[in-house]
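Straight from TrEMBL, the features:
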DOMAIN    155-559  domain 'Myotubularin phosphatase'
BINDING   Asn326, Arg327, Ala328, Lys329, Asn343, Ile344, Cys405, Ser406, Asp407, Gly408, Trp409, Asp410, Arg411  substrate binding site
ACT_SITE  Cys405  active site, phosphocysteine intermediate
Amino acid sequence: MDEETQHSLECIQANQIFPRKQLIREDENLQVPFIELHGESTEYVGRAEDAIIALSNYRLHIKFKESVVNVPLQLIESVECRDIFQLHLTCKDCKVIRCQFSTFEQCQDWLKRLNNAIRPPSKIEDLFSFAYHAWCMEVYASEKEQHGDLCRPGEHVTSRFKNEVERMGFDMNNAWRISNINEKYKLCGSYPQEIIVPAWITDKELESVASFRSWKRIPAVVYRHQSNGAVISRCGQPEVSWWGWRNADDEHLVQSVAKACASDSRSNSNKLMNGNCSRDFSNGGDLSDVEFDSSISNASGAESLAIQPQKLLILDARSYAAAVANRAKGGGCECPVFMGMANIHSIRKSFQSLRLLCTQMPDPGNWLSALESTKWLQHLSVLLKSALLVVHAVDRDQRPVLVHCSDGWDRTPQIVALAKLLLDPYYRTTEGFQVLVEMEWLDFGHKFADRCGHGENSDDLNERCPVFLQWLDCVHQLQRQFPCSFEFNEAFLVKLVQHTYSCLFGTFLCNNAKERGEKHTQERTCSVWSLLRAANKAFKNLLYSSQSESVPESMRHCR
């Protein structure tokens, strides 16, 4: 097949699979008021009161006399008719849009069109990211290098696991090994295919552990402190139940994480100099009861200090009451520190209250108390404190940490990713932040399709929650407090929030890597990182200093 024939075939395929729809104009003189993207097809153009309104297969566009509203359809949470002639649009990123019409009939017509356009797809190919990529393939068929830049993430993303193992300095000869037990996702559908575990833990033991952990989400190591060798691990809750079931292999694995840290050849010399922390946080209690002392253990002599493993800190993101309640469902907990973080239902309610407050006319005398009553900032504060507890344990006390919540795909990535961001300046670079999101959120199965509401037939509103947006808000709070510590700016985070929901890119489609592989999203959609790349000056923080410490002293006390 010659190049011209192949190009023609691609054109035919794009047109056949994602055909353009016929434009319906309410007025023959109306033109599409924006430049369409590749694969975008405008379906309706009409007049609102003092505005031109247009609807495509990707966006709603409203052109007022002095402003323009451009909102991706999947970013819209709900549409309703208010005051007879007014459309009220509530967006998933906290925006609220109002559009006034001249007649009730016209308002109802647009209400029906929008409600039909924003409903969850019956099949994933109905999302715009697939049409966008297919039509891009047609346009850039003869410019493969340019197309690659447009659609693909960089090598730092595609080779992230290998690069990170090497960068963090894991001792793969004595302490750790990479297990392929989850190859082709045969053990756990929401975990990556490669995981780091202590070197002497066998795959047979991991299978036993999986039977004891929620959704088979076993303890996996995701970070190593490059100076002292302490690690962060994550997992799902143990299925203790009311009967107090135990699993010897699970206990052996958890204990082995601490032993592997002690035997890590790269950290031994550091341990000899700094001693050993014996403080045990494993008896429960809230954060206010925790003191970060680094007292010397009873072990005597340099030899004892070198081989004595630190006590593993187990951090449960839930409250004690929530953990106990999970026992009735077969879940439970060990004896961890409980952080008291709210569940997705409380976070969703808090976000809705915040959004409602932001749409009302501000009352200067009561606005701050009204903001406090939404509890949004309180939830951010608890998350930041939880991440700081991990940071202090790993960096100051040289102590390994295991983090989990109920299933390990909502509060767990929030804590772990935030702690890694505080601990390691690499994750505060543009490329490093991309790697952080890919590894902690995408590889370990945060349910973006369910939480964002753009999965196939994802109509269950109880599954929706702005978990990732809440974490990005915490990152924004850190940006505000430490303006020289991040390579990317606020605009980067705002754009990332928008495209978490927009479905212009395929990065955040599906609930886990297994589903994305089955749907071939990497080959059939573009990556959001091709837009948010380090070379894009629009997202560059001009105050950034690459000389920032691993954990700046001021960042230890962020609030």
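Glycine residues also receive a Cβ, built from the backbone N, Cα and C atoms like all the rest.
All annotation found in TrEMBL is predicted automatically rather than curated by experts.
Sequence features annotated in TrEMBL and their locations in the structure.
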{"residue": "Asn343", "record": "substrate binding site", "Cβ contacts under 8 Å, 6 or more apart": "Arg318, Ala322, Ser406"}
{"residue": "Cys405", "record": "substrate binding site", "Cβ contacts under 8 Å, 6 or more apart": "Gln237, Asp316, Ala317, Arg318, Met341, Arg411, Thr412"}
{"residue": "Asp407", "record": "substrate binding site", "Cβ contacts under 8 Å, 6 or more apart": "Ser214, Trp215, Arg217, Gly236, Gln237"}
{"residue": "Trp409", "record": "substrate binding site", "Cβ contacts under 8 Å, 6 or more apart": "Ser190, Arg217, Phe444, Gly445, His446, Lys447"}
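A sphere of 10 angstroms centred on the C-beta of Arg411 (substrate binding site) encloses 28 other C-beta atoms.
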